[in-house]
């Protein structure tokens with residue numbers, strides 16, 4: 001019998017993952033048995049061995065799509081609340097007027113009934129969706145004037161479907177591509193990236209507003225994420241195009257504009273001046289804006305449009321121009337159209353804030369009524385406070401234009417805008433929450449410390465919108481989506497796993513955990529939110545103060561968002577310091593060689 005040869009098989013060495021990636025997701029017991037660190041990990045537990053992303057990604061997209069559709073089955077803004085109804089009716093009305101009226105009338109038609117007040121790309125989007133319904137489905141849904149307040153169930157299905165279709169065409173591909181590129185840059189394994197993707201796509205505030213309350217915020221947010229993805233790929237001109245598209249869809253994208261400007265200017269100056277790149281970026285940006293407005297301006301030059309615009313009241317911006325144009329001038333109608341669009345998109349006459357929103361001005365107004373001051377003074381104070389809040393992060397990203405610093409910079413600046421800028425809506429909290437939530441895809445983004453802060457901010461953001469969601473009869477989706485997200489992430493009030501100290505076994509380094517101060521701070525806010533819900537549900541407010549609980553919501557939310565702003569700033573500064581330290585060490589090593 002031939003002697004047996006020793007086996008050539010060698011046991012596979014355990015792969016060492018980068019700091020804060022898979023070692024934040026797996027707990028190892030004394031017996032060597034692994035278990036998920038928090039419930040969301042269990043959802044993709046079977047994929048930890050390296051299942052193809054072509055199998056994992058469709059599963060994720062189907063699951064998050066089902067949750068979106070489930071939320072869409074509930075109420076929406078303004079349902080059975082005549083005469084103005086709500087945001088659902090506003091979006092439907094814009095489809096109605098864009099398919100029936102010439103472009104010259106889009107920003108002038110019956111402004112008292114949901115006049116169009118979003119940038120041109122939203123108008124084109126409304127026109128496209130209205131055309132699909134008007135020519136293929138039921139034209140009565142968008143009959144001019146006669147369809148106002150229309151609430152047919154089939155119309156609801158169509159409108160809900162347009163939100164999901166728009167999101168799956170813009171937002172979700174942008175997030176998937178961004179995470180794929182960003183996690184590779186950060187050295188994060190594919191399994192960790194998939195878990196972060198689920199957490200980001202199940203972000204409760206975005207789902208509740210777009211698929212519950214009813215809006216198309218994810219189109220704008222998706223274009224912003226696409227711009228970030230282009231930056232990671234080194235395609236600065238594409239980044240400009242995508243970001244102009246975001247600005248052209250919703251003016252709220254201005255929350256990110258200072259960061260994008262500072263970053264793009266920084267890459268043209270540091271480490272060396274690149275005049276050609278700067279000129280290319282400037283030209284592409286100008287051409288993109290020109291392309292956005294050209295259809296509306298060209299439509300204003302025909303004879304009927306000129307007569308209509310000449311007979312209309314001039315917008316304030318046109319009256320304020322230093323050069324007075326004659327109504328017979330060829331330029332009068334296009335300039336009128338441009339000034340009217342800007343006037344509608346930036347309604348400074350509406351006041352410092354709208355409704356009760358958890359920002360600094362509404363909180364101050366609770367104790368000292370700001371309406372005593374002139375609107376012009378409030379605008380200047382708001383501008384000064386906003387600039388002061390964004391100066392440091394914009395300065396950092398300008399001097400250190402690195403893609404790895406973009407997310408904390410965007411979050412810091414967006415929080416600054418939300419807290420201090422003019423005309424803030426409660427739904428604007430989606431803007432700082434987006435880059436903050438994308439931090440989950442960072443190396444160490446799923447560690448307990450980062451997960452605690454990102455999760456706390458998201459739960460707080462959803463909670464501050466509860467009065468709005470309550471009016472829309474969205475209590476059940478709010479509690480289900482927010483509670484589910486908190487449970488999946490191991491967060492209060494469903495779990496204390498994120499805040500529980502635990503040292504993993506094996507050779508992995510200890511998982512980054514929240515500090516004692518962080519735990520106390522977060523627990524105080526979680527407790528305040530729970531107590532507030534009990535008061536709102538069972539204790540009627542005292543006579544003469546019907547909005548007491550809403551005002552309390554504003555005060556708690558504003559304080560929490562201020563803390564979130566400071567945390568994002570601290571994270572940006574420490575991350576920048578670490579980059580500078582590594583660069584100094586590398587330079588010192590080169591000199592020694």
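Note: Cβ is positioned from N, Cα and C throughout, glycine not excepted.
Ranges compared are 547-568, 569-590, and TrEMBL records transmembrane segment for 547-568.
Segment annotation: TrEMBL labels transmembrane segment over residues 405-424 (candidates 405-424, 425-444, 445-464).
Of the candidate ranges 188-209, 210-231, 320-341, TrEMBL annotates residues 188-209 with the feature transmembrane segment. Taking TrEMBL as the reference, the stretch among 31-53, 54-76, 77-99 described by the feature transmembrane segment is residues 54-76.
The stretch in closest packing with the transmembrane segment (54-76), judged by the count of Cβ pairs under 8 Å and taken from 157-176, 278-300, 516-535, is 157-176. When Cβ distances are compared across the two stretches, the transmembrane segment (253-271) makes contact with the transmembrane segment (405-424), since 3 or more pairs at least 6 residues apart fall below 8 angstroms.
Across 188-209, 278-300, 476-496, 516-535, 547-568, stretch 188-209 shows the highest tally of CB pairs under 8 A with the transmembrane segment (157-176).
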